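Colleague: One structure, as structure tokens, below. Some questions next.
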Amino acid sequence: MGDIDSLRNTLVNILLDPTVEAKQLPLSLFENITDNFSDERVVGRGGFGTVYKGFLPNDRVVAVKRLKINRRVVDDKSFYAEVASMKMLRNKNVVRLLGYCIHMEEKEILYDGEKIAAEKRERLLCMEFVPHGPVKKGGPPGGAEWPDRHQIIKGICNGLDYIHSKGFIHLDLKPDNILLDKGMVPKIADFGISRFFDDENTSSTLSFVGTRGYTAPEYIDDGLVSNKADIYSLGTVIFELLTDFKGPKLYQKAQEDNESFVQQELEKWTEALRRTHQGCALEFATKEVETCLRIALNCKDHNRHRRRTAKQISQILDLTLDPYILDPDKPEEAVHVENFSSLQDMDLHPSQPWILLSLLSGYIVMLNYDTKVTLAPFKLSDKPVHSAKFVEGNRDWNIVAGDDHGVLYVCNFDWIEEGLVKVKTVVASEEDWTCMYEGPSYFRTVTHASFNTDKDESFGVGFCDGSVKLWSHDPLTASAGNQEPYVVVRGHSEQVCSVDYFIGNSEGLHSPARFLVTGSMDKTAKVWKYDDKPKDYLGVASVTEPEATLKHAGGVTATCYVPELKIILSGTDNGVVTVWCAVTYSWKRYLCFGLGRVHSLACSTGGRIFIGHEHGLVLVDIGLQQL
């Protein structure tokens, strides 16, 4: 018994020290800790053998896998392959091998009344015990389960990336071979048909191994084996973790219409998530689900060369798993937050560090965003002030603002001392202001207007019907009384809330082009390429096909292009700001402060971002390293 106690302690030491390599151990030890492979200790059965629970001192538990001794199921070559692979793999997302047994002895047995010599063979693997068993399959449960499910998908991808980095291919990745520990950390198991390869090399096999439904088509049809076969299996696993479809039905449904399939499943998840998530949390979770669905679609591509690698997938999931949520209380991230009653709009001075805020209370407030000093808080109207702008006058800068009754105010301000401004306000009248342009009657449906200060001298107007129109505001056109736009953009299904301009390079374009980025209550921001107006152009150009459609979980209420960082910002009515690459239009980050609806977005030289929420203003510096 002393020898068995010593062996049990040896196995405990291996279990407790992750740096110790698995050892070959005698059959007697495994018979002892499994009660001679009692049926009461069975925790799982499969095509390659039976798994037993083994008990060690101090209530420690291991798993003992007893392989079937049948050359059609497992032979010594397969066994040594599994041992070799598992001994090399040490990662939190891979089941750890602790020990193994290769036992062979000859015994005399009775056969038809005669004694004959028979060979007793045992092949055992001892692994860490993973208590929660295989991952569960199925579509959206309660929304509270999503973070765990997302972590599981991320862990599986990390484990697969690690396996591939060591030159191994699993070849039988499926939910039954992915086990969950006490902390719901997934661990990839069952390397019984694992093959070892150098880098990305492709080999071929004459015999089929694996599980149909999870096996890549090039492996079934042509016997081609590469790590992209595991990626195909991964796609099925992710789909089964996210949807109610299984096997051929899943594949058929996904292939009928990829986009429709993603949207249908995303709607189911969004409905489930609404029960436990709100605002920013709902936006993040919805984006995570969509990302996982699209990753799974790519994994199932019949062309293995188009499938991403496990490392690429892990990198994509890292972005959605750890969204960049800034904390207003951390000065290095958000340099200033000021609470106001229902901020409506803001404007930046082009040459001074001043920001102008329009409030629902009828006040306008001017701040120096470098010194954090309030320069000019004053009551402009008894009605809400929806928009106030800096306007260059003959000798100085003025403020022009409009209230809820359509009254236009002109404010002249003089400095008295830092932090105090003397303001003189008048109501604009025909006597001191000349109307350069009067819009047609349908301007009553305007929801947003934006001036382009670039040389094309235009202004863009968003309408309730989802269209955007560009007019010239050069003096010659205005004096001629031309009321027709020169560009009409149609593509939103609901009202347009924001219009911004930028000049940039899209993928495939070698020279700069003019773009609009528009935000709508249809939960999309869209990027449009349009042509500059020639001087002799008299017609109306129609734009109906966007360069990109950026989808959101809420109505898009503000958009802004940041030239220094080549990013697009979009803010929604649920308070989330999304950062997009302005070249590839790919998602980069989220910004969320819990201050309500985003009314306006702006940027200053150097890439400083200004976010005007309903209940506060946030100033934040975003560096390239954070993108």
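Residue 1 is the first one shown; counting continues down the chain.
Every residue, even glycine, has its Cβ placed from backbone N, Cα and C.
Straight from TrEMBL, here's the annotation block:
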- 37-325: domain 'Protein kinase' (DOMAIN)
- K65: ATP binding site (BINDING)
- 549-580: repeat 'WD' (REPEAT)
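Let's see these features in context: how buried, what's close, how far.
Modeller: DSSP gives K65 (ATP binding site) a strand state. Summarising the environment of K65 (ATP binding site), the number of other Cβ atoms within 10 Å of its Cβ, over all protein chains shown, is 24.
Residues of the same chain lying 6 or more positions beyond the ends of the repeat 'WD' (549-580) and with a Cβ under 8 Å from any Cβ of it are 270, 278-280, 282-283, 286-287, 290, 324, 494, 497-502, 504, 515, 517-527, 586-603, 605-607, 609, 611-614, 622, 624, 627.
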